[in-house]
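**Student:** Take a look at this one; I'll ask things after.
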């Protein structure tokens with residue numbers, strides 16, 4: 001009985017359980033992607049025109065990106081409380097929208113509907129913050145893959161919820177809004193006490209690499225399955241039974257990752273005495289934070305440094321080799337302590353205020369701003385980027401190298417958009433989407449490496465402000481101005497219809513009959529501007545690489561030796 005109790009305790013405090021629960025929560029954090037599916041229902045029920053729907057879309061984008069409060073509360077409240085706040089916002093925001101659309105509540109003015117959409121979508125920021133903060137702390141040596149996987153699940157969240165709605169087989173399209181209000185709320189409340197830091201840096205095992213490989217495979221299978229199912233359902237008129245079977249298989253794929261923490265907790269072998277000895281022991285004298293941090297890192301570094309053949313040695317010889325390696329690492333840590341203190345300004349846990357006055361943070365925000373000028377939601381999953389994590393971990397290259405690679409891909413994609421060749425739209429969408437989605441995995445991981453984990457929630461949510469800022473300036477002003485100009489050329493056949501940026505912005509804000517433009521010329525100049533900005537972002541990335549190479553050499557350099 002005592003052994004079972006110990007196993008259960010190990011299970012509920014297993015960092016892989018936290019990771020799996022965070023993946024499930026992130027699956028509900030993509031509700032903003034469903035706006036395109038629920039907006040026709042809102043439009044028809046409330047007799048909105050397209051400009052009014054566009055305003056709701058702006059409110060949705062702002063709610064999805066403005067996470068100041070979520071980041072601040074994650075530092076003050078326990079993560080379960082932050083998740084609860086997000087769930088309440090999601091339920092109230094979209095729940096009230098559902099009541100208005102179905103006629104169960106009085107019709108509200110447009111500004112009030114914008115507030116409700118903002119509140120509901122803003123709940124996502126709490127889900128994102130709690131999931132990322134807990135997992136990067138539990139997996140400090142694998143934060144890149146962890147963030148990539150979590151953001152990938154957020155990107156697939158819309159497709160997952162859409163499939164769940166399909167099985168409901170409801171003729172009432174407003175039921176999708178109801179599901180958006182209730183579904184994520186129930187999932188988050190059920191898992192909110194699981195997603196938390198559990199001292200994951202003390203739970204490193206030799207099998208972690210294999211566990212990550214399993215997760216990668218599940219992610220790829222899930223993305224491929226969802227794409228295949230959506231294509232089949234669009235092309236073929238399927239019976240409700242077949243759709244139900246598809247949905248059951250989807251749930252099975254989502255549940256498979258739970259096998260990892262179950263296996264490690266109930267069927268895995270306990271740590272050897274030597275492995276336990278490598279973990280920090282409580283000190284009655286109360287060790288300083290720096291000493292305790294140094295002890296916490298030792299076991300992680302031993303796992304990174306030890307040759308693979310060590311695991312195949314007899315237990316006694318293996319313990320001896322690990323002890324020797326631990327001694328060498330401790331000596332190296334002592335010799336480098338003075339250097340670490342000198343570099344503390346680069347590696348310390350920055351507050352948001354402290355980070356804002358750093359030039360490197362300004363460069364980082366500017367880079368993210370240039371990249372997120374075009375918000376393509378369809379391809380936010382970024383599985384391909386996980387391959388670049390090996391370059392960072394094994395060769396200690398700064399993570400912005402991966403950003404530069406993603407920006408080159410985006411530049412090529414926008415160029416295809418501009419040319420308007422046959423089939424270029426498909427290839428351009430793929431390239432731009434892949435590059436855009438990669439940044440949502442790269443940026444949080446790099447921010448945690450450059451500015452620390454203590455204030456990670458606030459720092460991450462500040463960086464995401466680049467998304468609505470870029471969308472407002474480049475989509476709401478520049479792109480719309482160019483589009484209107486080309487539309488007027490087509491409508492009047494002369495050049496007197498030039499419009500200023502200010503007037504274009506007024507058209508964006510105030511309701512008016514939209515101009516229509518046809519052909520690749522409508523977005524040629526816009527796409528070329530976007531491509532040029534991506535090239536600028538590549539230059540900024542390489543500057544960031546140069547300025548952070550010392551930091552990354554210090555963080556990951558040991559793994560190369």
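A Cβ is built for glycine as well, from the same backbone N, Cα and C atoms used for every other residue.
Automated prediction, rather than curation, is the source of TrEMBL annotations.
Found this in TrEMBL, in case it helps:
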- 15-262: domain 'Nodulin-like' (DOMAIN)
- 16-36: transmembrane segment (TRANSMEM)
- 79-101: transmembrane segment (TRANSMEM)
- 107-127: transmembrane segment (TRANSMEM)
- 148-168: transmembrane segment (TRANSMEM)
- 174-198: transmembrane segment (TRANSMEM)
- 210-231: transmembrane segment (TRANSMEM)
- 243-267: transmembrane segment (TRANSMEM)
- 356-376: transmembrane segment (TRANSMEM)
- 398-499: domain 'NFD4 C-terminal' (DOMAIN)
- 424-447: transmembrane segment (TRANSMEM)
- 459-479: transmembrane segment (TRANSMEM)
- 520-546: transmembrane segment (TRANSMEM)
**Student:** Summarise the model's confidence over the domain 'NFD4 C-terminal' (398-499) as a mean pLDDT value.
**Tutor:** 77
**Student:** Can you tell me which parts of the same chain pack against the transmembrane segment (107-127), counting only residues 6+ beyond its ends and a CB-CB cutoff under 8 A?
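**Tutor:** Same-chain residues near the transmembrane segment (107-127) but 6 or more away: 25-26, 28-32, 35, 42, 46, 48, 52, 55-56, 58-60, 62-67, 69-71, 73-74, 82-83, 85-90, 92-97, 100, 154, 180-181, 184, 188, 461, 464.
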**Student:** Between the transmembrane segment (210-231) and the transmembrane segment (174-198), are there three or more CB pairs that fall under 8 A, provided the residues in each pair are separated by 6 or more in sequence?
**Tutor:** no
**Student:** Looking at the stretches 16-36, 210-231, 243-267, 520-546, which one shares the most CB pairs under 8 Å with the transmembrane segment (79-101)?
**Tutor:** 16-36
**Student:** Sequence-remote contacts (6 or more beyond its ends) of the transmembrane segment (243-267), Cβ cut-off under 8 Å?
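**Tutor:** Non-local partners: 7-8, 10-11, 14, 16-17, 19-20, 23-24, 27, 160, 163-164, 166-167, 169, 205, 207, 211, 214-215, 218, 221-222, 225-226, 229, 233.
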**Student:** With DSSP, how much of the domain 'NFD4 C-terminal' (398-499) is helix, how much strand and how much coil, in residues?
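**Tutor:** Once the DSSP states are binned, the domain 'NFD4 C-terminal' (398-499) shows 83 helix, 0 strand, 19 coil.
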